[in-house]
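J.: Got a structure for you, written out below as structure tokens; questions coming shortly.
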Amino acid sequence: MAKPNLAVNVAGIRMKNPVTTASGTFGFGSEYAPFVDLNRLGAIVVKGITLLPRQGNPPPRIVETPAGILNAIGLQNPGVDHFIEVALPYLRQFDLPVIVNIAGDTVEDYAALAARLDGVPGVAGLEVNISCPNVKKGGLAFGADPDSAAAVVRAVKGATRLPVVVKLSPNVTSIVRLAEAVVEAGADALSMINTLLGMAIDIRRRCPALANVMGGLSGPAIRPVAVRAVWQVYQALKVPIVGMGGIVTAEDALEFIMAGATAVAVGTANFINPRATMDIIDGIERFLVEEGVPDIQELIGAAHM
Amino acid sequence: MVADMPANIVQQEQVGPGQYRLTLYAPVIASCAVPGQFVYIRCTGSLDPMLRRPLSIHGVNRRKGEVLFLYQVVGRGTALLAAKRNGEQLAVMGPLGRGFTLPEPGQRVVLVGGGIGVAPLVFLGHELVQRKNQVCLLVGARSAHQLPVGKEGYTAPFELAVATDDGSCGHHGPVTDLLEKILAGEGADMVYACGPRHMLRQTASLLARFGVPGEFSLEERMGCGVGACLSCVCKTAGKGGEPFRYRRVCVEGPVFPADQLVWD
Ligand SMILES: Cc1cc2nc3c(=O)[nH]c(=O)nc-3n(C[C@H](O)[C@H](O)[C@H](O)COP(=O)(O)OP(=O)(O)OC[C@H]3O[C@@H](n4cnc5c(N)ncnc54)[C@H](O)[C@@H]3O)c2cc1C
Ligand SMILES: Cc1cc2nc3c(=O)[nH]c(=O)nc-3n(C[C@H](O)[C@H](O)[C@H](O)COP(=O)(O)O)c2cc1C
Ligand code: FES
């Protein structure tokens, strides 16, 4: 069989394969450059960016749980101007669509970020984080309520011509309702899922294990929840989905694709295996060859029969 | 050069209660590691526990391509590591982080290790002796049988003094008492330390009092080990009016100048 086609298109973001990185787990790319060939990634989603620099939460910021981790980084980042001046020029050297994950405390923050990044060379799209469980203001407050989520999306869409991917939280009663609200407000694509709100106790010190008390659960432990979310939203809406949550192997990634994801993002797995993204791309290609599937498109949503 | 590859266990030996010395065949790491750097080791092939474990480099044999570690079993990851036998393989990433800045040749240097914190200092001590520095290693532990190095029979090419909390070996009291005596007497040009937080804090205040520069190797909980996840931060002096700034132990450290650290 000829080499299968792995290329996908997420709302205008053209990816040479469906594998991207989950925001916050791959820095700004340079950190993993000793281990991976950045040119081989379908796209990169960078660490969440805010208008002004943020210090983040005090340590400990991470704790291990069965097949997962809880993190409470608190969106530490150098701010959008520093990102554009320092991190982006580095990424522009590569043949790699850069998706910028943005977060704000107010609707105006999101709009200002979108405007600031509009037309900046090297930015292929925005991922709007309305779902971070680790910041007190904003974040989840927007992601949990369909009306405020829609307001953020309208403001972002009004401020940029870039494709807008909206990142949804699983910490809601109905992720489908949220998805409908943001798509109606203009979201070009959805990404899901962000981390699940969780907590761990240090029984020797008799206190919460994270300084921030609660944190976001990620890793293989959350994969079934994430696959379910992708399945439900694919069933309800015709919109490209970037699926993530506990993807460690190519088989995990294919589960998301068959549930309805056009692309997938690899997060916590990078910490276990710095080459995880490369191994997953290779594994997907091998699967297509083995199954005699000429084009990855055939598998998107294939489990919905 | 940073590598991620399987490394064979050349030797795993118990050296004390829950304390092990591990020798890995990892020529790439052995060829370029400097004292103070660490590696990020997968202790198991399964996903629970999932994260790798950071261990300081305790020594290298560049000719044989071997890297040494000295570690204490504290939880699940290190217990799994201790159960690995000679000939088994481990995935290791390294060398990671920034090591110690080396002093001028000939300078007098004191190394202060609290418990298993001596691990990176022994590598540093050997390097410093080769550079013709005058080196004294101070080791503190709760009691004689918990001394990771410094017991009878341990040979090092540098001066060694021991302190124990219960007085069962060497000075009766904290290891910082020994440092204080040196700083008040013959003095030192540079102090390097690694150990529990309270020991480092006490060392920092001695260094400030005697006006001696120092560098500390810190620990924080890690996710990626390469600077991407921002899990492993510690508080350091801020610039231009900021009260502090978080820096990543895995890339900006694990070694930091003592006067840059913010204790609270
Ligand atoms: C740069 C660096 C160098 C180190 N060098 C050595 C060494 O040479 N010898 C040695 O004995 N120990 C060293 N440590 C500490 C060692 O990494 C921890 O004791 C070990 O990770 C504990 O893992 P565990 O699974 O046994 O414990 P658990 O308590 O089960 O660990 C659970 C989680 O916490 C993390 N964790 C727990 N304690 C620490 C800690 N103190 N630092 C970082 N992560 C931690 C683990 O990685 C894991 O994610 C070093 C730590 C760092 C950061
Ligand atoms: C350390 C860490 C930091 C994260 N930071 C962000 C962030 O800045 N913005 C965001 O939208 N999601 C962030 N996430 C969530 C991930 O992008 C992803 O949605 C989640 O981890 C699930 O995927 P995984 O199980 O493959 O890691 C972070 C996750 C982790 C583990
Ligand atoms: S462990 Fe990820 S930034 Fe240090």
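Note: Cβ is positioned from N, Cα and C throughout, glycine not excepted.
As annotated by TrEMBL, domain 'FAD-binding FR-type' applies to B:2-102. The FAD binding site annotation in TrEMBL covers B:ARG53, B:PRO54, B:LEU55, B:SER56, B:LEU70, B:TYR71, B:GLN72, B:GLY77, B:THR78. The [2Fe-2S] cluster binding site annotation in TrEMBL covers B:CYS224, B:CYS229, B:CYS232, B:CYS250.
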J.: If you measure Cβ to Cβ, which of the binding-site residues B:ARG53, B:CYS229, B:CYS250 are under 8 Å from chain A?
T.: B:CYS229
J.: Go through the binding-site residues B:ARG53, B:GLN72, B:THR78 and pull out the ones with a Cβ less than 6 angstroms from some atom of ligand 3.
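T.: The ones that qualify number zero, so the answer is none.
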J.: Have a look around B:GLN72 (FAD binding site) and count the other CB atoms within 10 A of its CB, chains all included.
T.: 17
J.: List those of the binding-site residues B:ARG53, B:CYS224, B:CYS229 whose Cβ lies under 6 Å from any atom of ligand 2, in sequence order, or write none if there are none.
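T.: The ones that qualify, in sequence order, are B:CYS229.
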J.: List the helix, strand and coil residue totals of the domain 'FAD-binding FR-type' (B:2-102) as derived from DSSP.
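T.: Counting residues by DSSP class gives 13 helix, 48 strand, 40 coil.
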J.: Which has the fewest other CB atoms in a 10 Å radius around its CB: B:LEU55, B:CYS232, the listed binding-site residues?
T.: B:LEU55
J.: Of B:ARG53, B:GLN72, B:CYS232, the binding-site residues listed, which put a C-beta under 6 Å from ligand 1? Please answer none if none do.
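T.: With ligand 1 as the reference and 6 Å as the Cβ limit, the list reads B:ARG53, B:GLN72.
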J.: Among the binding-site residues listed here (B:CYS224, B:CYS229, B:CYS232, B:CYS250), which has the Cα closest to the Cα of B:LEU70 (FAD binding site)?
T.: B:CYS250
J.: Averaged over the domain 'FAD-binding FR-type' (B:2-102), what pLDDT does the predicted model reach?
T.: 96
J.: May I ask which of the binding-site residues B:ARG53, B:LEU55, B:GLN72, B:THR78 is closest to B:CYS224 ([2Fe-2S] cluster binding site) if we compare their C-alpha atoms?
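T.: Going through B:ARG53, B:LEU55, B:GLN72, B:THR78 one by one, the closest to B:CYS224 ([2Fe-2S] cluster binding site) is B:ARG53.
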J.: What number of additional C-beta atoms lies within 10 angstroms of the C-beta atom of B:ARG53 (FAD binding site)?
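T.: B:ARG53 (FAD binding site) is surrounded by 22 other Cβ atoms within 10 Å.
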J.: For B:CYS250 ([2Fe-2S] cluster binding site), what residues in its own chain, 6 or more apart in sequence, show a Cβ-Cβ distance under 8 Å?
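T.: Residues satisfying the criterion: B:PRO54, B:LEU96, B:GLY97, B:MET222, B:CYS224, B:GLY225, B:VAL226, B:GLY227, B:CYS232.
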J.: Of the binding-site residues B:LEU55, B:GLN72, B:THR78, which one has its Cα closest to the Cα of B:CYS229 ([2Fe-2S] cluster binding site)?
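T.: Result: the closest of the binding-site residues to B:CYS229 ([2Fe-2S] cluster binding site) is B:LEU55.
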